[in-house]
Amino acid sequence: MVGLSSVNAASDGKWTVTQISCHADLVTDLDFSPFDDYLLATCSADETVKLWRVCDPDQDQCSNAEVTLSPADGRLEVVLFHPAASGLLAVASVRGLQVWDVTRDAALTVLEQHEDQLQGLAWKEDGSLLASSCKDKKLRLFDLRAQPSAVQCVQGHQANRDSRVLWVKDDSLLTTGFNQMRQQEVRLWDSRKLSSSLSSLSLATSNATLMPLFDPDSGLLIVSGNGESVIDCFEVNSSEPFLSQVSHCLTDLSTRGVALVPKLALDVSCCEVLRLLQLTDNFIVPISYQVPRKAGQDFHADLYPDTVGHTLAMTAEDWWKGENKQVERVSLHPSKRPKPATPSAQETKPKDLPHGKSKEEASSSSSPLSTPSSSAAPSRSPSSTSGLSSGFLPSPSQSSRAIHSMLGPSSKFRHIQGTVLHRDTHITNLRGLHLTTPGECDGFCANGERVAVPLAIAGGQIAVFELSQPGKLPDTALPTIQNSVNVADFCWDPFDTHKLVVAGDDAKIRVWQIPKGGLMETLTEPECVLRGHTEKIYSIKFHPHASSLLASSSYDLTVRLWSLETGEEVKRLSGHQDQIFGMAWSPDGKLLATVCKDGKVRLYDPRKSTLPIQEGPGPEGHRGARVVWVCDGKYLLVSGFDSRSERQLYLFSAESLASGSVASVPADVSPSTLIPFYDLDTSVLILTGKGDTRVYTYEIVPEAPYFMECSSFHSSEPHKGLCFLPKTECDVRDVEVARAVRLGKTTIEPVAFRVPRVKKEFFQDDVFPETAVWWEASLTAAAWLSGSNGQHRKISLRPKDMMPVSEAPKEAPVRKYLPSSVYLEEKTDEQKKEELLSAMVAKLGNREDPLPQSSYEGVDEDEWDD
């Protein structure tokens, strides 16, 4: 079956969806004719291609196909109209590729078989060449009229998973697929020389097949993964950078398909340059991309070059004889558009197929489309932020039936930029890193002075590097901490930069003391060993206020509190039914939150009860989760997975866990859990996963919309993770709001997160409030256990020589335009002449001033003599 609906709503504001029974088996692909909106081609697993003369959705559809083609090549996968000639179709089976003239009973040409499953197919804009991507990792280029075999064949993406191919600007090809690291990848090629790609861009680590769409007029590329809730927009350039990100749009629902609305259907009055239709499980949702200009006044010709029209360039016979022509272009100016033709289904016969309704009918509708089983679709508000600016920004539609604002409330951190600092600050030549630490472990840990990294060496060894001593590490063996068993989790004491606590597979916790000046020799004896758990430990967390107080979770389904001063267990919490994924202390240190594999989020008050005081539903997925307190301890943020194993962020009210999450936002599809870092001063949440190349950033607010997405940071290679340093490490003069260290495959790199500001000479006190000195204990473990509570003192980060921006002198506003009275005032010809002369004189300057050469030192006459 094929469902059919119009782009525009009917006069009553609703859409009609009709169905056509097309084939005896699954419909695998379909394509509308570029010259006739009423001509639809479908192919199927029943090994046939059919052409349908469809009617408007509110009319009865024809039950019989006008043309049926039988390539006799097995299950058909792709059908594609020729972009310039009438009645030509490229038809692909699992490995075969044929070109058909629909007025004939046999294929025009049968191309050489592919060595494996054909995955992508694309015509060049003039129809002279055909490109294909294949499971054998090869990218092929066919000149169908010259030879049946490929004229060029090169290695494409390194993984044999699903790939796609598109023609983009001029002679360039764009492919999407996967690299060896299972990351989604976009590559740009020059079709004249396919020996190597011009550029490549790695996206998220995901199993989702990328679906690319390209608009040749604006040069915008849309990329969305099947099953993901993210739609990325890039600008394709002819020179470096070949691909620059324009926007990153988060959608409410997972994408099942995407399509572009033809340019002639865009609303040019509100500067709409692109409209995307997102297919979800139950809805078709329009997403409009607009350039922020004054709408409804002038036609912005710079945004709308002439676009491909609906008049065919040549016949199939002319094309087969060797002609190459492009379709005539038409203007998008409302007054210059050709008048639309009226279709007549009765007059159209198979041999006259390239006639029918034109695409010139403009549309400004932008509302969700209801399915036959749903009379009305709920409105949606995808969160969209711009990435690297290239002139195009997504904007909400301004029509009467516009979807909700795509941008919503904006964050002052929305343009936050992550930057890897200079190579002089890197620690390089790391060897033998342990890349498979347990999911509950962050992978490595750092404080303001040093970083600890697990090594893939027997005995659970850990290397410790001083951040003050960057550079290339020697090839020889380094001194390490020999933990004697595999490392499950480890962390630095927040109040002692020399104390490292390590949990092992043997259910023991070892406390190590790093000598002043760093690790000079291998340590084999811990300062003390904590014993009590009966099974392997999941994770450990220090108390945020009390010194020497540690919490640990274990496979024995308990959480235990330890005093490092006495080396004894002081509390034992129970109530978990399955693996404990993560735990977090509240900012005031009174409560402890946990998230568990049994799908529950629990809240403990350890000093009052060993059982949870609150319990509520958590993430549906069971692959892993993390929890962190946000918004001054009023909410709990949990990063986990939904029932489809897609990464999600959930927000819970700490006062009412039982009522479920108050908000959630999808991330992407990836096997690794997002590890959150929350900055108490700015309410900025930064997340990334092990093996990811992308770092997500949000501002969390205690009211709707709760999540305000900010710019993401992308790294060129997958990282082990990020670890954040104390706020005092930030360069406030450069408006650096967070400093982290990033662990790569062989390097440790500092990463600065900065907020772009104009008046950097002033201290930006709106993003740098007084910060808590969390690296100093406010009370002892014994005092906390007896019922006392501590509070960190706060300090200002403002340098003494900087004035707060809030106290900066106000600049007098400069009037950009003269008042209307100046323009309306009548002037005499003499006044106008006088003004013109004054302006000319002002431009020329004072003619009585001496010329510059008059001030030059001359040369004595004697010096001219030889």
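Glycine is no exception: its Cβ is also placed from the backbone N, Cα and C atoms.
Features of the protein shown, as given by TrEMBL:
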COMPBIAS  348-362  compositional bias 'Basic and acidic residues'
COMPBIAS  363-401  compositional bias 'Low complexity'
DOMAIN    406-471  domain 'DUF1899'
REGION    328-404  region 'Disordered'
REGION    843-866  region 'Disordered'
REPEAT    20-54  repeat 'WD'
REPEAT    111-152  repeat 'WD'
REPEAT    530-572  repeat 'WD'
REPEAT    573-605  repeat 'WD'
*For the repeat 'WD' (573-605), what does DSSP give as the number of helix, strand and coil residues?*
0 helix, 17 strand, 16 coil
*Who are the chain neighbours of the repeat 'WD' (573-605) in space, where the CB to CB distance is under 8 Å and they lie at least 6 residues beyond its ends?*
439-440, 538-539, 541, 543-546, 551, 553-555, 557-561, 611-620, 622, 624-629, 632-633, 636, 638, 640, 652, 654, 657, 673, 680, 784, 789-791
*Give residue numbers and ranges for long-range contacts of the repeat 'WD' (530-572): same chain, 6 or more residues beyond its ends, CB-CB under 8 A.*
438, 440-441, 488-491, 493-495, 501, 503-511, 578-585, 587-589, 592, 594, 604, 606-607, 610, 774, 777-785, 789-792
*Tell me the residue counts in helix, strand and coil for the repeat 'WD' (20-54), as DSSP assigns them.*
0 helix, 22 strand, 13 coil
*Please work out the helix, strand and coil residue numbers for the repeat 'WD' (111-152) from the DSSP assignment.*
0 helix, 17 strand, 25 coil
*With DSSP, how much of the domain 'DUF1899' (406-471) is helix, how much strand and how much coil, in residues?*
3 helix, 22 strand, 41 coil
